[in-house]
Amino acid sequence: MIHAVESANRSPVLTTQGISLGYRIHDSCSDVTTALRASADFTQPTTDCGGGANTSNSPPPIMAVIGASSSEISIAVARQLNLELIPQISYASTAIILSDKIRFPAFLRTVPSDLYQTRAMVRLLSDSKWTWVGMVTTDGDYGRSALDSFVSEATASGICVAFKEILPDSLTSRDINSAVKNASKTIRSNPKVKVVVSFAKPTHMIYLYRELRGQALGERVWVASDSWSSSKEVLREMDLLDISHVVGFTFKRGNLAPYNRYLMNLININDVIGNNSFLKEFYSMPNVSGDPGVGSSSTAAAEILLNNSHADVVFSVEMAVSAIAHAVADICSKKDCKTPGTVQPWQVLGALTDSHFELEGKSYKFGPEGEINLGYDVTLWRSVRGAINVNDIVAEYHPINNSFSYTSRHTKTLTDLRVRFRLRVKVSCEPGKFKKTAEGQHTCCYKCINCTENHYSNNTDMDQCLTCDTKREWSLEGSSGCTHKTLEFFSWQDGFAVVLLALAALGIVLVLLVGALFLHHHQTPVVKAAGGPLSQIILLSLVGSFVSAVFFVGHPSSLQCKVRQVLFGLSFTLCVSCILVKSLKILLAFQLNPDLKDVLRRLYQPYAIICLCVALQVLTCTLWLVLQSPREKTTVFATTVLAECDEGSQVAFGVMLGYIAVLVLVCFACAFKGRKLPQKYNEARFITFSMLLYLMSWVMFVPVYVTTSGKYLPAVEMVVILISNYGVLSCHFFPKCYIILFKKEHNTKSAFMKNVCEFSFKSITDSRSVSETSVSQTEGYCISHPYSISSPSFFMGHKGQWSGYPYLDNLLQMKNFACFLKVKESSFLTLMLKYLVSVDILEVLTYF
């Protein structure tokens, strides 16, 4: 700085104005407190006003400050100088925060911000295909801002930061040794990370290299920031055999020839020592003076100064002094500057930011952020005769277009270095895998991990797996795409469904055939014994029940879910209600107390009972549909989507089935009491068996339905419905169809009366003592003499009208024969007529 000031004072810029620059130099000792004490001294007035004079308008004693080198110290000093808007020009502070003109309006610098340095580093790494790096930095404003900026730039360029080691800023910290050891351990434990970027301070790098020395690191590339890339202290401690390769970033250099001549011309050592305390300390060092007589070693001392100079810092300091000289000259060209207090610091600050200045024939100007950005020189350290040369520039960085220009002299060396380490970086993650970041590492430093189930990656090097639409898609572990989930339901193509549909269709066909057969023979005793018109209603309800089974197959819809349950509930309720009427008829004829017959006979209204029973079920189904009706529901599983019907209200579903079960139990109870009727026409036995079959099937259905899930759940209910339908069809109608088609001789009135006779006398003889011989003879006589129809006879109806009935003569003959057996007439005729009731001869029942 002394050389730059002296050069400026000799330049025409100041000599034409008749002014010169003075200076005061303080050592910050790399300590913020010491630096603040010095800056406070800068801002104190140098004159003693005395006598209580008003000093509020007294100008500060200095017009500008140059320094410091450390960003932490520059930040602290800048906050103090901002109060007086005293311009501060740093020659080495590169922290990004100092570019903020709102917080640091008076701060300027002749070097670029670390934002450009990190951008240059990332560009070099990208061009070299070094995409897997580690990072070491020093805690503090400089190190933290550089770390954040580098990570941001690296992430955008796809460069991975495998580790980030932050060393304490203060060397007196108790944690410095453990932090250095941890950093060394991290570097050694990541042998695949061959490139390490460092923004640490020189002293911290010395500590780190001492720890790494002799650790067999193998070949590494160290990318050094401007803080230590040309540090002489680091060079004295390092050996390239231990650290392999160093690529350094330094500020741009100027013409050092005048400065070198200045150093070599320091002949009068005693005068220098007397005027410069820093040189006095320097010359007192044993390796400089060699002996107490320092004069004899002046040339050697000058050479030592020359060898330990930082060429980039020298040029930055020269630009700072030149900028101030031109700013003062610009102000003094417009006004008289010889009077003290004429020039204010804020005027100098305005002139610095607005005007250009020249140095070595080139023009420079501070940018909007208060910095001069000339780019960087990239150096490659080389070992030359046991010493390390850090002055080999292999490339120049141009911030305008973010590019490098390489020197032809060392292009091959840098190219070989690139190729050597290019093959040792990360491996791309193929589709089906994603990049998993280890804890505490940067997000792009990863291991390739298979995507989990229901996740996929369809490109290489994906940061995370994409999620499948789990409602419709799925994927296995390590998949590169999603597979559509199979939609499952009880489909028409399912083999089990085909079988059940065939049975349902067969049932409908059989019902229609039976219905047609019954219509054709509706006047025969067998059809009348089956219930006459009620049999047609039962067949119609069976058709509806068989049709409801069809709705259990196929992709369910809300309408289908409603129809299938309601149609079955109403159809089978109608069927069971008709059977209930027939059961009540049997109970009325055979099992009831004779005193109650007249009352029950008047209450017995078949169609009213049927309508009442069905109406209750209609009410249940209506409430079910209105309040919480069945609807379509999809259940998502790992690889499938199950489309099924949600019954809505399970209570309503249970009430519907329970109501049918109650009707079936009543039918079963009533029919069970009349189970001993003649075998060929025993309606009660068939009712009992069909109802028992229904109850057994639905009792088994409940636990199976509750514990079963999946697409075959509808098949469970469908099977039970078919069993119930076929039970009614086979028990109530198939025996009668067999008689109609193959036993026509039994479907006659005479055969009917014969069967009645046989059953009647068998009942009589069973009720008497087997010791009466006449009963046995009579029974044999009756059985061996079948009765024939002679002529129509008449019974008088309950209104006095005669009704023709073809079996009258036979009945009268049986009546006389019963008298012969001394059997009470009323008992015999009552027994006979009870059976006639079971075949719908209600006129006879009414007459008696």
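Placement of Cβ uses the backbone N, Cα and C atoms for every residue, glycine included.
According to TrEMBL:
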DOMAIN    496-756  domain 'G-protein coupled receptors family 3 profile'
TRANSMEM  495-519  transmembrane segment
TRANSMEM  531-554  transmembrane segment
TRANSMEM  566-587  transmembrane segment
TRANSMEM  607-627  transmembrane segment
TRANSMEM  651-672  transmembrane segment
TRANSMEM  684-706  transmembrane segment
TRANSMEM  712-734  transmembrane segment
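Counting Cβ pairs under 8 Å to the transmembrane segment (684-706), the top-ranked stretch among 495-519, 531-554, 651-672, 712-734 is 712-734. Long-range contacts of the transmembrane segment (607-627) within the same chain: residues 537, 562, 565-566, 569-570, 573-574, 576-578, 580-581, 584, 648-649, 652-653, 655-656, 659-660, 663, each at least 6 residues beyond the stretch ends and with a Cβ under 8 Å from a Cβ of the stretch. When pLDDT values are averaged over the domain 'G-protein coupled receptors family 3 profile' (496-756), the model yields 85. If one looks beyond the transmembrane segment (712-734) by at least 6 residues along the same chain, the residues whose Cβ comes under 8 Å of a Cβ in the stretch are 490, 496-497, 500, 503-504, 507, 510-511, 514, 518, 530, 535, 538-539, 542, 545-546, 548-549, 552-553, 556, 568, 572, 575, 579, 644-645, 686-687, 689-690, 693-694, 697-698, 700-701, 704-705.
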